[in-house]
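Below is one structure, written out as structure tokens; the observations come after it.
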Amino acid sequence: MSTPHIVVGVSGGVDSSVAAWKLAQQGEPIAGLFMQNWADDGSGDCRAEDDRRDAVAVCGVLGMPFHFRDFSGEYWSGVFEHFLAEYAAGRTPNPDVLCNREVKFKHFLDAAQALGAERIATGHYAQVAHRGGRWRLLRGADRDKDQSYFLHQLGQSQLAATLFPIGDLEKSTLRRIARDAGLPTHAKKDSTGICFIGERDFREFLGRYLPARTGEIRDPQGQRIAEHPGVFYFTLGQREGLNIGGVRGRAAAPWYVVGKDVASNVLYVDQDRDSPLLQSRWLQSEQAHWVTGAPPARRFSCTAQTRYRQPDEPCTVDVQDDGSVQVHFERPQRAVTPGQSLVLYDGKECLGGAVIAATDAPLERQLAGSSFSSEVVA
């Protein structure tokens with residue numbers, strides 16, 4: 001068996017299948033590596049075995065060796081423990097970002113290099129370019145499927161060793177390629193949601209690890225209107241799952257989460273979807289990561305996303321002495337959520353990003369006791 005030049009992360013999905021197929025057409029020695037990131041907990045909801053069988057089948061069709069590695073321990077300590085800690089603190093984390101940084105482009109990359117590979121390839125919708133002496137992370141050609149948001153924590157050494165073979169494809173084209181190539185995953189449904197939760201009920205799953213504590217749901221004036229099953233089950237702007245029935249003297253309209261007081265275990269809601277309590281013009285981040293190793297300048301203009309698939313929002317970024325950033329948006333943003341990722345762009349190029357620490361949304365700022373000043377950025 002020849003040493004593979006490239007190890008492909010085969011997930012059992014159609015995207016990684018076509019990534020492997022494209023590389024196979026080039027004639028270089030390749031191998032597939034399937035990684036298991038979550039141990040079967042006996043719930044019957046784990047899709048890992050089905051995905052592994054599909055990955056084996058794809059490798060068979062393409063005539064490339066199949067390898068398996070169990071990273072469930074690394075995932076638990078590097079991703080899941082952080083996920084639980086963030087929810088316990090009342091924040092809403094993004095485990096996919098951390099998984100890419102801590103597992104897929106760290107432990108997986110190490111495993112591939114141990115097999116003798118020079119580079120790895122994955123089925124992400126993103127692109128890499130080398131310009132100005134630095135590796136650049138670019139959006140995928142399919143804007144609806146672009147995954148650069150989840151890859152913004154990657155650095156130079158990782159990008160230098162990574163290929164994104166499907167980054168220049170539209171999803172519809174990719175499906176057609178998979179069908180014409182006879183890949184067994186060509187009609188497989190895309191996976192959605194948090195990988196380790198799958199199709200399970202989110203509250204039931206989270207309740208296994210974080211004991212729920214019921215508390216009051218209040219309106220912005222502090223009047224009690226209902227009871228919640230646990231404050232960490234909810235995120236800013238959320239409508240579903242509140243189970244607020246008819247409230248005397250209130251319109252029969254939906255309610256939206258506008259604030260969480262973790263210390264008092266109180267959830268605040270409003271019937272205005274675009275409530276002023278959800279609006280923010282500024283945010284403060286934790287320490288930022290820059291794909292090229294440094295920010296473009298101490299202060300610069302660019303666009304930002306504060307959640308996946310959000311339209312680009314023009315903003316001004318001020319880099320702080322501690323490595324964090326403060327961001328001023330040109331227009332108010334709805335439900336910017338601490339714990340989620342701020343990702344910055346210059347056109348198609350992903351500059352980097354950071355975890356959102358605080359915003360100037362009125363209620364969240366009051367509940368957090370934040371010292372963040374909206375006057376910092378003019």
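Cβ atoms here come from the backbone N, Cα and C positions, even for glycine.
The following features are taken from Swiss-Prot:
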type	residues	note
ACT_SITE	Cys99	active site, nucleophile
ACT_SITE	Cys195	active site, cysteine persulfide intermediate
BINDING	Gly9, Val10, Ser11, Gly12, Gly13, Val14, Asp15, Ser16, Met35, Gly123	ATP binding site
DISULFID	Cys99-Cys195	disulfide bond
SITE	His124	site 'Interaction with tRNA'
SITE	Gln340	site 'Interaction with tRNA'
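Closest to Asp15 (ATP binding site) in space, going by CA atoms and restricting to the recorded positions Cys99, His124, Gln340, is His124. Sorting the binding-site residues Gly9, Gly13 by the number of other Cβ atoms within 10 Å puts Gly9 first.
DSSP assigns Asp15 (ATP binding site) to a helix in the three-state reduction. When the record's ATP-binding residues Gly9, Val10, Ser11, Gly12, Gly13, Val14, Asp15, Ser16, Met35, Gly123 are compared pairwise by CA position, the greatest distance found is 16 Å.
Counting only the Cα atoms, the space from Gln340 (site 'Interaction with tRNA') to Gly13 (ATP binding site) is about 26 angstrom. On a Cα basis, Met35 (ATP binding site) lies 12 Å away from the residue listed as 'active site, nucleophile'. The local packing around His124 (site 'Interaction with tRNA'), expressed as other Cβ atoms within 10 Å of its Cβ over all shown chains, amounts to 25.
Rounded to the nearest whole angstrom, the C-alpha distance between Met35 (ATP binding site) and His124 (site 'Interaction with tRNA') is 15. In this view, Met35 (ATP binding site) is surrounded by 24 other Cβ atoms within 10 Å of its Cβ, with every protein chain counted.
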